[in-house]
């Protein structure tokens, strides 16, 4: 009899394989990072030996994971350790992730404000749904306040922790305008902070990905930005600058959130690095064998010259001209 966790993982992967694949990819990226001790959080307890994390054993098992299509078609007994690991990756009491359609990206663009410059549409889009009590707590904090939607760019290796633990202001490394989580209404700016990184080699999304978070932010005074005072055209200076800011006022299009309870990730935009366009098979073969081809042509030319200069050819040619 298979463990109940396997059945739940099978059901989740079968229902939305791309979403399950994404979680495996984010896990793999964190595991491969040189900062794995800090970015791979949560960490599977079955690979913890007291206070030590057995990364070598985890890396060995993760490297043997087949792609999800193959795993779903196999019997659990043949991939016991794989199913144990995938079950852990897909389990969460706080949230679930769904793949979303292209229409959702148009909605996101409207929520964040129409882009001033052309922005690339994501190859894949995912929506995060939160369970209670986390969801109820967020809306309790929100109260009657509006929601702001903005983008957050980060390295791929950070997203395993981001989706499970949220964005934490004190962990932010960009502090020119003060301590906090930096977001922007401009997707092209967020993409600068989201370089492509190595994910999961067997991913259906692709082995090299870039990820941008779309966050819901409660419109609270602790969210610093360029905003006007209520019923006025004047900028609200209390919200335009953070105490001890080295760079002065928050620039337009940026938001700096100084309270962890005021934001959460709602969508993930995923960009897959396209393989370089291959030349035609003929050109590809020629580029690999150009030296042999040139020598062959040279020898053929010598043969032609030799034949032309031969007495037999000259005799035949002279007779043909008569």
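Just so it is clear, glycine is given a Cβ too, placed from its N, Cα and C backbone atoms.
Binding of NAD(+) is annotated in Swiss-Prot for 152, 182; the matching candidate from 130, 254, 267 at the same site is 254.
In summary, of the candidate residues 37, 222, 236, 249, the record from Swiss-Prot lists ADP-ribosyl aspartic acid for 37, whereas the others have no such entry there. In Swiss-Prot, the feature N6-(ADP-ribosyl)lysine is attached to one residue out of 53, 110, 253, namely 110. The candidates are 70, 140, 179; Swiss-Prot tags 70 with the feature ADP-ribosyl glutamic acid. Over the topological domain 'Cytoplasmic' (1-287) the predicted model carries a mean pLDDT of 86.
Between residue 152 (NAD(+) binding site) and residue 37 (ADP-ribosyl aspartic acid), the C-alpha separation comes to 23 Å. If you measure from the Cα atom of residue 254 (NAD(+) binding site) to that of residue 37 (ADP-ribosyl aspartic acid), you get 30 Å.
Most buried of the recorded positions 182, 193, 254, judged by other Cβ atoms within 10 Å, is 182.
According to DSSP, residue 193 (site 'Nicotinamide-stacking aromate') sits in a coil region rather than a helix or strand.
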